Each structure stands twice: as structure tokens, then as C-alpha cells.
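In what follows, a single structure is set out as C-alpha cells and then discussed.
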Amino acid sequence: MFSELRLRIKAALHRRRLDRDLEEEVAYHLQRRADSLREAGDPDPEHAALRRFGNPSSLRENLRDQWSFPRLESIWQDLRYAARLLRNSPGFTAVAVLSLALAIGANTSIFTVIDAILLKTLPVPEPGQLLILRNGSRVEKDLRWSRTGSMGSLDKESGLRTSSVFPFPAFQKLQAQLTSASVFSFASLFDIHTVVQGRASMGSGHMVSGNYFQVLGVHPGLGRLLDEADDRPGAPRVAVVSHRFWQTAMASDPAIVGRTLGVNTVSFTIVGVAPPGFYGVSVGGFISAPDVYVPLQAQPLLAPYSRHPSQNVFQASDFLWLNIMARTRPGASRQSTAAEATNLWRQFILEQGFSKDPGRDGFRVVALPGAQGIDSLRSKFERPLVMLQVVVGLVLLIACANLASLLLARSESRRREIHVRLALGAARVRLLRQFLTESLLLGALAAALGVLLSQWGTRILVSALLEREDALRLQLQPDLRVLLFSLALSLLTVFLFGLAPAFRATRTSLAPEMHRTARTAVLGRAVIVTQVALSLVLLAGAALFLRTLQNLYSVQLGFNKDNVLIFAIDPTRNGVRDQQLVNFYEALRARLRAIPTVRSVSASNETLVSGWYSSSMITMNGAAGTASQPISMQFLRVTPDFFETMGIQLPAGRGILESDTASAPSVVVMSEAAARRVAPSGSPIGRTFQWTGKWGGKDITVVGVARDTRPHDFTQPIEPTLYVPYLQGPWDLGRLHFELRTSVSAREVLPLVRQAVQDLDANLPLYQVRTQSEQVDERFTLQRVLARACTAFGLVALLLACIGIYGLIAHSAARRTAEIGVRVALGARPPDIVWLVLRQAALLAAIGIVAGVGLSLLCARLVEASLYQVKATDPAALAAAALILALTVLAAGFLPARRAARVDPVSALKYE
């Protein structure tokens with residue numbers, strides 16, 4: 001067997017030499033036979049020898065079949081023939097390959113991002129064993145529990161209000177007593193200041209339990225990783241840096257282990273570098289991929305989470321700050337782990353006195369699959385990415401339909417060739433294989449070009465959807481799954497556009513040619529109707545998203561976003577606190593106001609529409625000093641001139657003044673929504689309230705009412721908001737965001753702003769630098785991407801539909817040349833001929849538009865959640881899409897119709 005295979009491979013590699021040897025061998029045997037017959041007296045020895053020897057050509061073919069791969073050779077012949085046909089039709093080849101490559105590239109680009117965000121698992125061993133633990137209950141937590149800052153969310157599977165964070169003592173209990181899984185914990189460090197070899201930069205980090213890397217199964221890229229000994233009280237301060245941070249901030253220095261890393265003025269010894277491709281347990285978004293990993297015991301030094309820094313968070317049972325994940329042990333399941341963790345959690349709740357009956361109140365632990373890590377980007381982009389995949393899928397169908405119509409027309413022009421080959425005995429299967437080989441070659445060329453285009457398209461899509469930090473964390477290099485998707489997509493396109501034309505072209509039916517032509521025309525018209533219907537869906541979607549974008553941009557924000565520069569600084573990371581911090585901020589405000597093109601300066605603990613407002617409970621004081629029921633309010637700490645800088649009007653009362661210092665009476669400005677909440681039928685000005693919990697005990701007076709401003713999500717109701725003087729906040733002063741209103745383009749003052757900050761602290765970096773307009777525009781990212789994608793691909797679909805309509809009408813007009821010549825000879829006017837030809841395009845457009853409207857209505861539910869103040873079945877959007885499509889189709893059909901109207905009747909009848 002192997003010797004035969006070796007012979008066949010040798011024959012394939014040395015085909016010409018073996019053919020020459022065979023010719024010589026056959027000639028030698030013929031000559032020997034002829035010589036023998038000549039000696040025997042045969043008068044015609046050559047012919048006699050040939051008769052006795054047999055057909056040399058048949059012998060050669062039989063021998064070649066024995067030493068070669070006949071099927072592979074046949075396929076190779078088909079490929080060469082297909083390549084020659086495509087090379088001889090450069091126009092057809094270019095249109096076919098480019099249209100398919102665009103569709104395949106778009107689909108591959110979207111799938112690459114889907115793969116990176118929705119499908120990939122964490123790069124750790126056995127990621128399917130990982131679980132994300134959340135705590136939940138069916139009841140609202142009491143005031144002591146809610147003040148911890150755990151906002152919570154609704155878990156769809158359990159129906160509970162759940163939170164992703166736990167107190168440290170609960171983590172200790174789970175770590176010590178949970179038998180079905182190994183648990184580890186981490187907490188995020190946002191916007192840390194890092195100093196490496198004298199260079200300061202901003203970064204992010206994780207405080208992790210000592211078994212974090214061990215349970216995940218991660219191995220060091222350099223040095224060692226953190227272990228249990230590093231997370232004990234009094235242990236040396238050590239840190240591990242990410243591979244990306246090692247490359248960017250440390251220039252891939254192989255001797256970095258043992259050197260010092262400054263984190264928020266605290267020195268750590270670098271003991272190792274994480275492996276490449278490991279970005280923590282998050283894809284991105286809320287829990288940023290860490291640059292630095294430090295033990296949990298570093299928390300008091302780096303980021304005291306408690307509202308009172310004196311509180312020990314390692315002992316506080318009412319402060320939730322740790323994310324907990326688990327890896328199940330052999331034999332354990334997600335359900336059994338959740339059940340055991342729930343029992344331990346209820347014991348903890350009972351021991352701490354948070355509930356007398358935790359089971360009745362529904363306290364439990366929810367275990368979610370953790371193979372893909374924390375789903376911050378996944379939950380945000382799942383629906384938009386699926387929608388984009390549907391959009392580009394429609395483009396692929398349109399491209400396939402367009403190419404099918406081109407192949408049908410091409411097969412009609414090859415009818416004579418096909419009939420001759422069938423008459424000479426060619427099998428239909430052989431011809432079918434040749435047509436499919438041509439389609440496969442087109443698909444392969446388009447796939448190769450599409451994969452190249454997808455690299456460019458993926459970068460554009462990621463830059464449009466994600467912030468730079470999130471984009472850096474995504475592994476966007478095509479992996480095996482993406483390549484298999486591209487291959488499957490190419491085979492699918494070949495099946496969609498190549499199969500029907502191939503079967504149609506190779507039919508051996510003896511039906512009259514007129515019937516055959518009619519059937520081909522029906523198939524071609526069906527393809528055009530499909531293109532028109534799918535194009536309408538894309539154009540209608542583009543109209544809906546453009547209307548949504550227009551509605552979002554016309555929303556009254558409640559403030560003026562133009563010419564405002566915003567940035568954040570946090571001097572506390574450099575050890576500046578208390579009165580020194582106040583002095584720093586006041587000095588910086590004065591320096592910024594001194595910049596000539598700056599009209600006003602303010603600062604706040606968060607920016608407008610950021611979505612990160614703090615929330616707390618307040619109780620309004622009644623007329624007789626009685627307190628009302630607690631009311632939840634979000635609040636901002638702001639400096640004087642905040643309302644002037646942001647352009648927020650004050651319809652009643654006053655704003656925040658320079659005299660509203662820490663020693664002055666406590667005051668607050670309420671938004672209109674807050675005023676309606678506390679004083680539905682009157683004015684809240686002059687009324688007092690108190691914070692609940694540890695910040696209570698002092699009356700705060702309402703001194704003004706401000707216009708409402710839009711929240712982070714413009715589609716949500718406006719939340720009641722309190723504006724508190726930044727020196728009178730309910731907890732210690734920390735990071736501030738500065739807002740500068742300028743008389744020039746906001747970014748023009750940025751160099752002067754950086755210089756003002758550097759003059760006060762050379763090691764204090766600015767971060768989250770942007771204009772207010774840019775921040776508002778970020779709120780519309782998804783809608784803008786969807787609008788642009790639908791518009792761009794709708795135009796591509798329109799172009800492809802035009803090509804199909806043009807080809808169909810031109811082909812139809814060419815077949816009716818004689819009929820048109822007769823009509824012209826009998827007196828038909830050019831407009832009559834134009835309409836005669838054009839009405840076919842009009843009829844196809846009408847049928848396609850009706851089908852497209854129906855398909856759009858079926859797809860309405862897919863997009864309605866992403867629309868704003870416009871219905872998915874909006875008649876205006878459907879009408880606009882239908883009108884654009886109808887006019888375009890008629891324009892595409894008009895050109896061949898006008899050419900048909902100019903036909904010379906004498907030439908047409910002479911042709912007939």
C-alpha cells in the first residue's frame with residue numbers, strides 16, 4: 001500500500017519525465033512487434049503491429065490512472081479551466097470577488113469582536129470550573145446594610161436583588177468552611193498613581209487574596225506570583241505587574257524583579273510579571289484589567305473603602321467591598337456550591353444580626369458561570385453586536401443573491417458550450433462539478449480578500465465601540481474559531497450563490513428552449529426581489545437609527561456642553577489630605593482662573609452624565625421637628641461657580657457660594673426633580689433635612705433649586721439630585737473633576753492646564769481628560785455605530801441591488817430586441833418602449849418593497865430596545881426607505897430601457 005502511494009506521489013512530482021518514458025516504452029514495443037512481423041514477411045508490418053498491440057492512447061491512460069491520482073488531476077483541470085474563465089472575464093470577476101469580499105470581511109470583523117467579548121474564556125486551566133459568587137435577598141436591606149454602597153442588580157435566574165461584593169469576614173468564613181470549591185477574592189483599585197524608575201503614570205490595579213493566582217492556575221511570565229504568605233498582616237509589601245504594564249511602563253526590562261514600584265506614594269517590591277494574555281478576571285469595563293496586583297492587606301495603605309478611614313475593613317461586617325470567585329472541586333457542581341455557600345452566608349447574616357430569619361428574607365448566594373470572567377463588556381455590547389451581525393448577515397445574503405443573478409446571466413451566455421459538451425457525452429455531474437469549482441474559486445478569492453479586509457474593519461469597529469483601555473485588553477488576533485467561521489462562511493456563500501445557477505445551467509431537460517428561458521427568467525426575478533426586500537430592511541433600520549440619533553442629540557440636557565474641558569486629579573494618591581488638600585484645590589482653582597481664555601472654573605466629585613453619582617438616604621424635617629420616611633437621593637459635591645460653568649439655570653434661590661465653607665451652616669441646592677419629591681405642592685427652599693446613618697445629626701438647609709440635568713442613560717427618568725458644597729460633603733474630600741468653560745476650543749487650553757497642575761505637583765497626572773461634548777457623545781456610541789453601520793451597509797446593498805436590476809433589465813431588453821424593433825417599426829414612441837422595459841423593474845421593486853416591509857415588521861422587536869422616541873414600526877422610516885429604494889431601482893432600470901428605446905428597427909429586424 002505504501003509503495004503504491006509512494007509511486008503515485010513520485011508520478012505526480014515527475015509527470016513529464018514519466019510521460020516521456022512511457023512514450024518511449026510504447027514506441028519501443030511497437031517497433032519490436034513491427035520488426036518481428038517484417039521478418040515474417042508481413043507486407044504492412046506497422047499497421048499489423050498496431051492492430052495486435054491495441055490502442056496506445058488507451059494503454060497510456062490506463063497506465064497513468066494506475067500511477068497517478070486521476071480524481072485530483074480532474075479537479076486540478078477544473079480549477080485551471082475555472083481560473084482561465086475568470087481571467088477572461090475581469091469585469092465579472094472583479095464585481096463578484098469585491099462584493100463577496102466586502103460581505104465576508106464585514107461578517108468576519110463582527111464575529112472577531114463577538115468572539116473576543118462574548119465567546120472567549122479566561123486564559124486559565126479548566127475555566128469551566130470557575131464561578132462568580134453574588135449575594136442576594138428578596139427584601140430591601142436595612143439602613144445599616146444599604147449604606148455600604150452596594151448598589152445591586154436584579155438576577156434574572158433567581159429573581160433576587162443581588163450584589164457582587166461581600167464583606168471581608170464573610171470571605172474568610174467561605175474560604176475556611178466551603179468544601180465544594182476553593183474561593184478567592186479581589187477588589188479593584190481605580191486610577192492609581194504609579195511611579196517606575198522616576199516616571200509617573202496612571203493605572204489600575206487589583207488587591208487580591210493570597211490564593212488568587214494559585215486557584216486560577218496562572219503561572220508567572222517572570223519571577224513569581226503572589227502567594228498566601230504575601231497576604232498576611234505584617235508581610236513585606238510586594239507586587240506583581242501585568243505583562244502589558246511591564247512592556248509599556250518598564251520597557252520589558254528583564255531585571256525588573258526586585259526593583260521598587262510606587263503606588264499612591266506607597267513603595268512595593270516587584271516580585272514577578274504576569275504571563276502575556278492574562279488580564280485578570282475581567283474582559284474590561286467596570287472592573288478594569290489591572291496593571292498591578294497587590295495583596296489585600298495593602299488596602300489600608302492604598303484605598304480605604306470605608307467612609308471613615310479609621311474603620312478597619314478587615315473587621316467590618318457591614319462593609320461590602322470584595323468580589324469573590326470560586327473554582328469547584330472534583331465532583332462538585334454549580335448548584336451544590338451555591339447551596340453550601342448559601343448556608344454559610346445565612347449563618348453569617350444571623351451571626352451579625354442583619355436578619356432574624358435569613359431564610360425567610362431570601363438571603364442566599366447566587367453562583368454564576370465564571371468561565372468568561374466578569375461580564376462587564378459582555379452585558380453592554382451583547383445586543384448591539386448581535387444586531388450588527390444580523391445587519392452584515394443581510395449584506396452577505398444580498399451579495400450572494402447578486403452573484404447568483406450574475407451567474408444565471410453568465411450561464412445563459414454559455415448555453416451553446418454546455419449543449420455541445422452534453423451532446424459529446426459529458427456527464428451532467430462532470431459539468432456540475434465544473435460550475436461549482438468556478439464558484440468555489442470565486443468564494444476562495446473573496447474569502448482571502450475578506451479576511452484581509454476584516455483586520456482593517458475590526459480595528460475600525462473596536463475604536464468606534466470601545467474606549468482605548470478596553471480595546472487594548474481584547475485579544476483580537478484571529479484564532480482558530482474565527483478562521484473556521486470564515487471558512488464556513490465561504491462555503492455557505494458558495495452554496496447560496498453557486499448551487500442554483502449550476503443546477504439550472506446543467507439541466508438536460510428536452511423542454512422547449514422558450515420554457516427553459518422562462519424558468520431562468522423567473523429565477524432571476526426571484527433573486528432580484530430578494531435583494532430588494534433585504535435592502536429595504538437595511539435602509540429602514542438605517543432610517544430608524546438615524547431618527548434615534550437625531551432625537552438623542554435634540555434632548556434638552558439641562559446644561560451647556562459646548563466649550564467645556566473636563567479632567568480629573570487625585571492628590572490623595574500622593575499623600576495630600578485634609579486641609580492641605582483643600583489648600584491645593586483652592587490654589588489650582590486660582591491658577592486655572594488666571595488662564596486668559598478660561599471664563600469660569602468649577603470642580604465636582606463626578607462629572608455630569610458620568611453615571612457615577614453617589615447616593616444616600618435623607619430624612620426631611622417636618623414642621624414640628626419630626627422626620628419623614630427616608631428618601632434616596634443622588635448627590636454631587638461641587639465648588640462655587642459650578643452652575644455658572646456648566647450653564648445650569650437656577651429658577652429659585654441661590655447657588656453654592658465661596659462662603660459655604662466647612663465651618664459655615666450646611667446648605668444644599670436641589671434639582672427640580674428632588675424639589676418635586678420633597679415638596680410636591682410648594683417650594684423646598686428653607687426646609688431642612690439630615691443624612692441618615694453615620695453622617696446624620698446635623699440639619700442641612702435647602703437654599704436653591706437647579707434645573708434638572710439628564711442622567712447617564714438619556715432614555716431613563718431624571719433622578720432627584722442634591723448639589724452639596726464640596727467642603728461640606730458627608731465624607732472626606734478626595735478626587736475631583738475640574739470643569740473649565742473657555743472662550744476658545746476647549747482642548748486649546750489643555751497645555752496651560754497641564755502646566756498649572758505641574759507647577760503645584762510635578763508627579764500629579766491628569767486623567768479622564770476630555771471635553772464635555774465628547775463625554776455626551778460617548779453616551780450615543782452604540783446608536784451612532786448602529787446608524788452608521790446600517791447606513792453604510794444599506795448603501796452597499798442598494799448598489800448591489802442596482803447592479804442586479806441593471807443586469808436583469810439589460811439581459812431582458814437584449815432578448816427582446818426583435819420585439820422592440822417590430823414595435824418601433826409599427827410606430828411605438830421611445831417613451832412607450834422605455835415604459836415597456838422599465839415596468840418589469842417597477843413590478844420587481846413593488847414586490848420586493850412589499851416583502852421588505854413585512855420582513856422589517858418581523859424584525860422590529862430586535863431593534864426596539866435600541867431606539868429612542870421612535871417606534872420600530874415607524875411608518876415614516878419605512879416610507880422613506882421604500883421611496884429611496886424604488887427611485888434607485890427605477891434609475892438602475894432606466895439606463896438599459898433608454899438604450900432599448902434607441903434601437904434601430906432595421907438592424908433589429910435584420911438580426912431576427
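We number each residue from 1, going along the chain as drawn.
Positions of Cβ are set from backbone N, Cα and C atoms, glycine also.
Not measured: the values here are computed from a predicted model.
Listed in TrEMBL:
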type	residues	note
DOMAIN	93-343	domain 'MacB-like periplasmic core'
TRANSMEM	94-119	transmembrane segment
TRANSMEM	386-409	transmembrane segment
DOMAIN	391-509	domain 'ABC3 transporter permease C-terminal'
TRANSMEM	440-462	transmembrane segment
TRANSMEM	482-503	transmembrane segment
TRANSMEM	523-546	transmembrane segment
DOMAIN	532-729	domain 'MacB-like periplasmic core'
TRANSMEM	785-809	transmembrane segment
DOMAIN	792-905	domain 'ABC3 transporter permease C-terminal'
TRANSMEM	841-863	transmembrane segment
TRANSMEM	875-895	transmembrane segment
Quick tally over 386-409, 440-462, 523-546, 841-863, 875-895 of CB pairs under 8 Å to the transmembrane segment (785-809) gives the top stretch as 523-546
Sequence-distant contacts of the transmembrane segment (523-546), meaning Cβ under 8 Å and at least 6 residues beyond its ends, amount to 391, 394-395, 397-398, 401-402, 404-405, 408-409, 500, 504, 783, 786-787, 790-791, 793-794, 797-798, 800-801, 804-805, 808, 811, 840, 844-845, 847-849, 851-853, 855-856, 859, 863, 866-867, 870, 872, 874, 876-878, 880-882, 884-885, 889
### Message
Tell me if the transmembrane segment (482-503) touches the transmembrane segment (841-863). I count contact as 3 or more CB pairs below 8 A, with pairs 6 or more residues apart.
### Response
no
If one takes Cβ-Cβ under 8 Å and requires six or more residues beyond its ends, the residues near the transmembrane segment (875-895) are 532, 535-536, 539-540, 542-544, 547, 798, 801-803, 805-806, 809, 834, 837-838, 840-842, 844-846, 848-849, 852-853, 856
Same-chain residues at least 6 beyond the ends of the transmembrane segment (482-503) with a Cβ under 8 Å from one of its Cβ atoms are 100, 103-104, 107-108, 111-112, 115, 396-397, 399-401, 403-404, 407-408, 410-411, 432, 435-436, 438-440, 442-444, 446-447, 450-451, 454, 523
Lying 6 or more residues past either end of the transmembrane segment (94-119) yet within Cβ distance under 8 Å of it, the residues of that chain are 283, 372, 377-378, 381-382, 385-386, 388-389, 392-393, 395-396, 398-400, 402-403, 406, 442-443, 445-447, 449-454, 457-458, 460-462, 465, 474-476, 478-479, 481-482, 485-486, 489-490, 493, 497, 793, 796, 800, 803
The predicted model's mean pLDDT over the domain 'ABC3 transporter permease C-terminal' (792-905) is 80
Checked against DSSP, the composition of the domain 'ABC3 transporter permease C-terminal' (792-905) is 97 helix, 0 strand, 17 coil
